[in-house]
Amino acid sequence: MPGGNHSNVTEFVLLGFTDLQELLFVIFLLIYISTLVGNLGMIILIRTNSQLHVPMYYFLGHLSFLDICYSSSITPKLLSGLLAERNTISFNGCITQFFFFAVFGTTEAMLLAVMAYDRYMAIREPLHYLAAMSHRVCVQLVVGAYAAGNLNALVHTSALLRLSFCGPNLVNHFYCEIPLLLQLSCSDTWLNEMVMAACIGFIITASVLAIVVSYACILLSIWSIRSAEGRHKAFSTCTSHLLAVALFYGSAACFYFHPFSRHAEDRGKTASIFYTMVTPMLNPFIYSLRNKEVRSTLRRATNKLLSCRYSHTSRSNQTEAGTICHSGISRRNKADT
């Protein structure tokens, strides 16, 4: 078939979840709200506290932003689909959803690699860390991660648009994922499969290799620290990032590294929930609970908020008491008169 899109399909039907839809709607809505509140709170906390204006938290702020966007590219449509009798998405809407999902997913994978390198520099060169990881360097690394995400999404989307879809249009998932769309195409998908394998292979290899090499160097640096307390303190700064990496790549691997049979697709839905919804929700809690600086800053912000509220309440009570007292004096003066 010649190149170019000649699709008869104008929409896709997302089969999603067919059981316990009301219960799943409540659960997924709570997860999504927690994702928004947790990550927005992390961004505000980092932006408003000068003690957190260091490279590590600069990257963490972008990770929180990506988690919001990553989850928002999927979850709103999932929630609306659970309440609809027939969950459909237009052809253009499907392509758009996949594009943004690929942008934010790829960018997050690259950013996790950047954060591993940042941890290596902090442990390897603590005295020169801020000089080596200057604001300019941090911006360049983040821009590179976003550029990689956009380039990967553009390549996949361009390759997808050359395909024709003649029917059927049933997608056994809750969002438009490229391997499932390739199964529905009536065009030759060989080129798309090669592009997908090459891009995903390169991204995973590059990001995972960067993470592995960074942590290998970190372990060597920690091993050279003489005191057990120093080694523990150095390694504790990496545990949050390691857990975030394990959640992201572990759940994604469950979806991408298995044959796309119907039974495997059903298992893939569960894995997809983890890396599109659960992981973005957990990341701010992982970094806040495991990080002393974030906990300390959050505690101070909470205490400040409570003290301001208490002070406002006290002033209101004093004003009210003064008004009552003044009213009583006025009444007595009138009575005397």
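Quick reminder: no glycine exception, Cβ is built from N, Cα and C everywhere.
Tertiary neighbourhood of the transmembrane segment (23-45): same-chain residues 17, 52, 60-61, 64-65, 67-68, 71, 75-76, 78-79, 82-83, 277-278, 280-281, 283-285, 287-288, 294, 297-298, 301, selected by CB-CB distance under 8 Å and a gap of 6+ residues from either end. Annotation source TrEMBL lists transmembrane segment at 23-45 (among others).
Annotated domain 'G-protein coupled receptors family 1 profile' per TrEMBL: 38-287, in sequence order. Regional average pLDDT for the domain 'G-protein coupled receptors family 1 profile' (38-287) in the model is 89.
Here TrEMBL flags 57-75 (among others) as transmembrane segment.
Residues 56, 59-60, 62-63, 66-67, 69-70, 73-74, 77, 89, 141-142, 144-146, 148-150, 152-154, 156-157, 160-161, 175-178, 181, 203-204, 206-208, 210-211, 214-215, 241, 244-245, 248-249, 252, 276 of the same chain, all 6+ positions outside the transmembrane segment (95-117), place their C-beta atoms under 8 angstroms from a C-beta of that stretch. Here TrEMBL flags 95-117 (among others) as transmembrane segment.
The transmembrane segment feature in TrEMBL is assigned to 194-222 (among others).
Positions annotated as transmembrane segment by TrEMBL: 234-258 (among others). Taking Cβ pairs closer than 8 Å, the transmembrane segment (234-258) reaches residues 63, 105, 108-109, 112, 115-116, 119, 122-123, 177, 179, 200, 204, 208, 211, 215, 218, 221-222, 225, 264, 267-268, 271-272, 274-275, 278-279, 282-283, 286-287, 290-291 in its own chain, all 6 or more past its ends.
Under the heading transmembrane segment, TrEMBL lists 270-289 (among others).
Listed as Cβ neighbours of the transmembrane segment (57-75) (distance under 8 Å, sequence separation of 6 or more from its ends, same chain) are residues 28, 31-32, 35-36, 38-40, 42-43, 46-47, 97, 100-101, 104-105, 107-108, 111-112, 114-115, 118, 135, 138, 141-142, 145, 174-175, 244, 276-277, 279-281, 283-284, 287, 293-294. Remote same-chain residues near the transmembrane segment (194-222) are listed as 106, 109-110, 112-114, 116-117, 119-120, 123-124, 148, 152, 155-156, 159, 178-179, 182, 231, 234-235, 238, 242, 245, 249, 256 (criterion: CB distance under 8 Å, separation of at least six residues from the stretch ends).
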